[in-house]
Amino acid sequence: MSGGVFVSGERDVAQTDLPFQDRYRDHPAFGFADWCLRGIGQVVFQNNPLSGLIILLALFFNSAVYGTICILGVVVATGMAMLLQADRVLMRDGLFGFNGVLVGLALVAFTSADFRTGAVPSLPMAVYIVFAAAMTTIVFQALATLLGPHKVAALTAPFVLTGWLFLFAVLKFAAIEAGPLAKPVSPDQFDAAVAYTLPTWYMGIGNAIGQIFFQDNWITGYLIIVGIAVNSRISAGMALVGAAGAALVAVAFGGPEGAIRDGLFGYNSALTAIALGGFFLVLTWRSFLYTLFGIVVTTWLWASVAIFLEPIGMPVLTSTFVLVTWLMLLGQYGFRALVPVPPAEATTPEDNRRRHIGSVTR
Amino acid sequence: MSGGVFVSGERDVAQTDLPFQDRYRDHPAFGFADWCLRGIGQVVFQNNPLSGLIILLALFFNSAVYGTICILGVVVATGMAMLLQADRVLMRDGLFGFNGVLVGLALVAFTSADFRTGAVPSLPMAVYIVFAAAMTTIVFQALATLLGPHKVAALTAPFVLTGWLFLFAVLKFAAIEAGPLAKPVSPDQFDAAVAYTLPTWYMGIGNAIGQIFFQDNWITGYLIIVGIAVNSRISAGMALVGAAGAALVAVAFGGPEGAIRDGLFGYNSALTAIALGGFFLVLTWRSFLYTLFGIVVTTWLWASVAIFLEPIGMPVLTSTFVLVTWLMLLGQYGFRALVPVPPAEATTPEDNRRRHIGSVTR
Amino acid sequence: MSGGVFVSGERDVAQTDLPFQDRYRDHPAFGFADWCLRGIGQVVFQNNPLSGLIILLALFFNSAVYGTICILGVVVATGMAMLLQADRVLMRDGLFGFNGVLVGLALVAFTSADFRTGAVPSLPMAVYIVFAAAMTTIVFQALATLLGPHKVAALTAPFVLTGWLFLFAVLKFAAIEAGPLAKPVSPDQFDAAVAYTLPTWYMGIGNAIGQIFFQDNWITGYLIIVGIAVNSRISAGMALVGAAGAALVAVAFGGPEGAIRDGLFGYNSALTAIALGGFFLVLTWRSFLYTLFGIVVTTWLWASVAIFLEPIGMPVLTSTFVLVTWLMLLGQYGFRALVPVPPAEATTPEDNRRRHIGSVTR
């Protein structure tokens, strides 16, 4: 997940030689903003401040509350990493920030009366969010330590773990006003008899991308795709393949229309598709089939984890993506049909492929 | 779990010098069938195609549906390993196949109106089973990567994990017809007032062996014992000790008669007994006591995991066996009273003991 | 967690040169008693037989049943380690004993009609406790094997895991008489409308320390503080800071008064405070802030885990302490603002600090 050519070196490169998107990375004043924008982009594996900026604007397009919380989450998580003097290379790539974004958005989304727009958090809730975002920094480093020897990235696991732990407790404190979850979190909660129509598809795919950031807005979803495409067209394509594949699988197996249109079956699959489709695996026909396999399994397992969590009424978050992608990445090192890209060398699918094909032809 | 003398070498051995059961292992046409039969045997740690064949026939004796699903599961899982170009040594030992067998049987067993005979799966269900069996191959490799440095085998964990994930979701898709679980999965669901009788014992022990393969048929259970004994009499004996020990513990602590007669307390204990009783530990009096300890704990913990899973109505599968055996195998490397056998060197209890005693006397 | 100057060596030190508390450690007759007393002290990270003795007396002060069960647990767990010929250094430090103490106390506490005094266990229950205590020895070694490469201690995880597994099952056996849990285990079960008063504070802090050992007795809690202070005044202070901090956080966020006064919010936080506050991290202002962060998070997460376990009615035990402390210790190796102390070198906060400052000035 590190950031391309200039990542590991402390080389003295004239700022003007840098590609536009890397120009402010080591700037004394703007550097931190650059890292934070990258942090927003890293939610969908894009180590590029422009991607982060477009995604941030896409969130503001849906709701100013979510846009602001997104900024709060990434600033707190990245700031915590600075306070603790974490690895500078990881910080500059925005890797300490993206879980903070997600945990902030999740805590607001699931405690607001209106999931779609979100509500301004109370002071105790804001304190709670700040602690949760800061905690993701510690969990990220802990998982990086555990997974490092296996050359597998932490993915959004710090968010899932922290998110669950902080969501479970939030309803139990009188100082935090929150009703029961306003948002359905399991396929059971949708009407099974509704027919599939055209909006099931185009709204379902857009919403799936939006749901990665808890945005119930299919236009926001397509704007996020634009943000991804700025950095990698393959990743943008994979996100769409993942979301569309999930809708297809859910329709073929008779999943409830409401859950499909809402993007619930697809947001995990879209992330699995980006991760396996060229990012942590060199893109070949074989790895593309491997990715399709992962999309199908991720889609089914969303229903599975939803049911497991139903007795306590908790949302799945991106746990299915994390679980399936971890298993498929851990497995890959034993399969000669696949060409793994270690996290420290993963940049973009295009670049991974170029480097690999280069090394083959030479 | 690898297979004896001829495993690691690619040595040019005349086929006629091989023991009968290894004659077809590298045969261009029959090799794959050999690996699949070993895969069936590996469910109970027997790397021997004859064991696999006898067990397969024992399944057909109970139900042609289960026999056929067993073949489907092992072929898909082993075939997936070939497609992904997995480690050939592990493939030849049937190690990619046994979790596919179990996940196929479990998905049919728990979605059939009649648990005992099983029902022919619908097309969507068949697709679902094929994906689940293929997924066990990936999970097996992932766990092998994680556990490799600790010299502990994956056991049936790929089955348990994949089985739970696919079972949780299965009831939520309209295209897959399945009622609620027809089979009791927790001690609560049995009448506590029934008295223990002779059939509690002989049917309970047979059923416990049968339940390893989801066969509610005590005669099938004893036929499986014959399949094990063909390869290792110690393992066959241990399976009986495990099943009988579990019945004894459950009776002593007043467990419900129905669950004991059904073999539910015993199938995890039987597997624990085979694994610890000579296979991953050299059989000595001390390791035998260690095995008995494991049998007792595994028996109790079946009830424990059953209760943990009760809110979502899920079966325990072989999770108790995996948990207790992992803990006891991970622990063994710190206890000088025990002589561990690393998975790559484990063949049969008889052979493990011979090699160990050889190395001591030399 | 090992024990200071004389731990690793088998050096021939005249017994009279030893500090008083190490005089009986290698004594042929009293050695085992010394290890067991250390085992009691290790529950709160004190490798000192005097600490163990004072804590044992504090338990007897509350209830002779709990005092006796404490002895049973530590003797069985330490004895099991001897039978299995475990690492002698770890045994001499009492590290195989402390989880046995806790699992014994937990099984009695949650199956007694009166949680406060505990009931004398029946014979089947006593057998069950002996197996559970012996199992913690195996789980401790298993976790030590898994966590060793990451230089993180097992903490009370062997107790939490074994405790849950044995508690889940206990109510399902007719031979073990036990009603439903007599003790509230989740914030839901307390009246939310009760006002905070002075006893909320002084009883809440004392009870939090007591609850580490399942003692619903605030005076016992303060006596345990004395036992800790005999070995390390910093650890005693941290335990108080953890318990008081938890009460403060719970009050600020409107947690139910009954749960606060009962010490339920605080017993995990007190352990987190001891572990992070100087024991596994050199005490500096930065690590003190890190510890405060851990206290706040641990307090919230008690409510979280309680809610997760509510469907099966199980207690949290010390799982929140284990989870937060593991994450914060695993994370620390990536944060240059902190100075980690590997488990094998951790003695007391005072001694850790002295060695570190020594190495800096030299």
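Using N, Cα and C of the backbone, Cβ positions are placed for all residues, glycine too.
Listed features, source TrEMBL:
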SITE      C:T318  site 'Important for channel permeability'
TRANSMEM  C:53-83  transmembrane segment
TRANSMEM  C:95-113  transmembrane segment
TRANSMEM  C:125-147  transmembrane segment
TRANSMEM  C:154-176  transmembrane segment
TRANSMEM  C:222-253  transmembrane segment
TRANSMEM  C:265-283  transmembrane segment
TRANSMEM  C:289-309  transmembrane segment
TRANSMEM  C:316-335  transmembrane segment
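Long-range Cβ contacts of C:T318 (site 'Important for channel permeability') within its own chain (separation 6+, distance under 8 Å): C:L102, C:L155, C:T156, C:F159, C:V160, C:I212, C:Y267, C:N268, C:L271. Within its own chain, the transmembrane segment (C:222-253) is flanked in space by residues 41, 44-48, 50-55, 57-58, 61, 196, 200-201, 204-206, 208-210, 212-213, 215, 259-260, 263, 265-274, 277-279, 283, 291-292, 295-296, 298-300, 348-350, which lie at least six positions past its ends and keep a Cβ under 8 Å from the stretch. Within the chain, the transmembrane segment (C:53-83) has long-range Cβ neighbours (under 8 A, six or more residues past its boundaries) at 32, 35-37, 39-41, 43-44, 90-91, 94, 96-105, 108-109, 116-121, 129-130, 133-134, 136-138, 210, 213-217, 219-220, 223-224, 226-227, 230. Residues 102, 106, 150-153, 155-157, 159-160, 163-164, 185, 212, 267-269, 271-272, 275-276, 280-281, 290, 294, 297-298, 301-302, 304-306, 309 of the same chain lie 6+ residues outside the transmembrane segment (C:316-335) yet bring a C-beta within less than 8 angstroms of a C-beta in it.
Of the Cβ pairs linking the transmembrane segment (C:125-147) with the transmembrane segment (C:265-283) and spaced 6 or more residues apart, fewer than 3 are under 8 Å, so the two regions do not touch.
C:T318 (site 'Important for channel permeability') falls within neither a helix nor a strand when secondary structure is assigned with DSSP, and so counts as coil.
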